[in-house]
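Notes for the one structure printed next.
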Amino acid sequence: MDISVVLGCSLGAALGAGILASYKLGLLYQLFHKTERQSPRHGGESVAEVLRAHGIKFVFTLVGGHISPILVACEKLGIRIVDTRHEATAVFAADAVARLSGTVGVAAVTAGPGLTNTVTAVKNAQMAESPLLLIGGAAATLLQGRGALQDIDQMSLFKPLCKFCASVRTVREIVPTVRKALAVAQSGTPGPVFIEFPIDTLYPYHVVEKEFAPKNTPKGLMGKIIAWYLRNHLSNLFAGAWETRDLSPLPVHIPHATEDEVQRCVELVSRAKKPVILLGSQATLPPTPADDVRKALESLGIPCFLGGMSRGMLGKNSPLHIRQNRRDALKDADLVLLAGTVCDFRLSYGRVLNRRSKIIAVNRDRSQLLKNSDMFWKPTVAIQGDAGSFLVRLSKALKGHRCPEEWPRSLKEGDAVKEKANRSKADEKTERHLNPLSVLHRVDELLAEDSIIVADGGDFVGSAAYIMRPRGPLRWLDPGAFGTLGVGGGFALGAKLCRPESEVWIVYGDGSLGYSVAEFDTFTRHKTPVIALVGNDACWSQISREQVPMLGSNVACGLAFTDYHIVADGYGGKGYLTGREDESQLDDIIKKAQKECREGKAILLNVLIGKTNFREGSISV
């Protein structure tokens, strides 16, 4: 081969390698972008500026040195920093804000164990389809994988849980990365996103420089190369950091039904004699206001079963809201509209649907849209799109048409019979303590019209779902399909901050209370008074009611009638112990709790309850 060809190839390869190395080391970027070594600014300010530009009002946190610059900068820009007693609570609170405000909820936690403590809450947000930004600290860029304090592979941990994960490598990446994350969280099927910020991307140049500076003058060629590499890395870290960048929100992409799909559904609904709507949490998502969805449902006149966040969509006593006998209604229905509802365990994987019924399924997520359709059910029309806007469009296209009135009337009559029977169970005396059904009925009757109900528990909360009636849209918060215990403190905190005028109730089981009772300290410090109703039966009853008859043992299910009201007192709240001897004064105790809550005190009602057979046969697995 000609030597000139060989030399040319070698020089070309060397030149290519040199350009690649220059790019990797940031040398090319530094030729055109200045490193402002005297600037006192830091990366935390860039994070805060993007959050403010996106209308973020709260950042929930448990403080750590890795993230301090973000928290300080947010506070200076008027974003309220709310610190909790556990990182999971911070994420649960951000989740609640996302659900109630229509914006992205934001939580910031420190590296390592701070982030691992959030995993359950992040998974819950993923399954509940809540748009949430988790900000995590991380070891310095050059120290990752070298045994730095709290350094783990955080990206691998969160990639299965989040729609988008990013590790910021330079200060100039902060603004575009946060903007993208916030848009991704809200687009398509909403969900959590994660950004890790190595500590050297958040502190000012002069602080980071001290950590990079060699302790002694470098000696020898290798020492000088290492010193140059460190200086260059530092310079590249801050190159172009403070150039003006667009902070505004990026477009959010939401799937919608096509005109042809809507028209096909119009034809199906107009011919149906016994249609039913099963409304799921997706129907409450932006951009369609919940009140517009409510009006659309009322215009259609179709009986509705409401689940998840859609509870309360039709108010307290709507003739269209059917609460009981769902299985029988689905058996008789000739058309079923699954509006954001999934055929998972909650619908017996689709087995409760009548195979002769026409089925319209609408869901933003294709995998959820068709879940178990290969086995137990088949959609007549499957639409990957937003449920709320679909219902509004369907209602407009069917203007003047209403479901035959005898159908919802007959279902409502069945409701009344079942609820009368349930009410009679509330009048029965339990072997000891108070009847939990009676307690829940009395609380429901005294709820303020602006109340928000947070559900956190098993057996007691399962009963509450049948008895308590949210007064309007977005006034019920439960964990969702993941069935997570421990959401109570965080959900209530987020709800009270979003709706400070509302009366916020947490319905706790005594088991679930243990996860977040320490947040009474948070309620006190941040002046977010709520009322916790604790059904204390000294037992993990949802498990016990199956375990004992099936396996003959109550092992690990027993608790104690603990003085949780005293715990609340210790955290600065006000606790009340209520038992059978207080039954005649129960209404007065509830009203007193409501009054003290309005005056700024977080309240815990420790209600001793007995056993009933109300939920026999309910599932716990």
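Glycine is no exception: its Cβ is also placed from the backbone N, Cα and C atoms.
TrEMBL entries are annotated by machine, without manual review.
Going by TrEMBL, these are the annotated features:
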- 42-157: domain 'Thiamine pyrophosphate enzyme N-terminal TPP-binding' (DOMAIN)
- 262-394: domain 'Thiamine pyrophosphate enzyme central' (DOMAIN)
- 456-598: domain 'Thiamine pyrophosphate enzyme TPP-binding' (DOMAIN)
- 409-428: region 'Disordered' (REGION)
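Within its own chain, the region 'Disordered' (409-428) is flanked in space by residues 303, 319, 322-325, 328-329, 435, 437-438, 440-441, 466-467, 612, 614, which lie at least six positions past its ends and keep a Cβ under 8 Å from the stretch.
Remark: secondary structure over the domain 'Thiamine pyrophosphate enzyme N-terminal TPP-binding' (42-157) totals 53 helix, 21 strand, 42 coil, with classes taken from DSSP. In the domain 'Thiamine pyrophosphate enzyme central' (262-394), helix, strand and coil residues by DSSP number 53 helix, 24 strand, 56 coil.
The DSSP breakdown of the region 'Disordered' (409-428) into helical (H, G, I), extended (E, B) and coil residues amounts to 18 helix, 0 strand, 2 coil.
Across the domain 'Thiamine pyrophosphate enzyme TPP-binding' (456-598), the DSSP tally of helix, strand and coil residues reads 71 helix, 22 strand, 50 coil.
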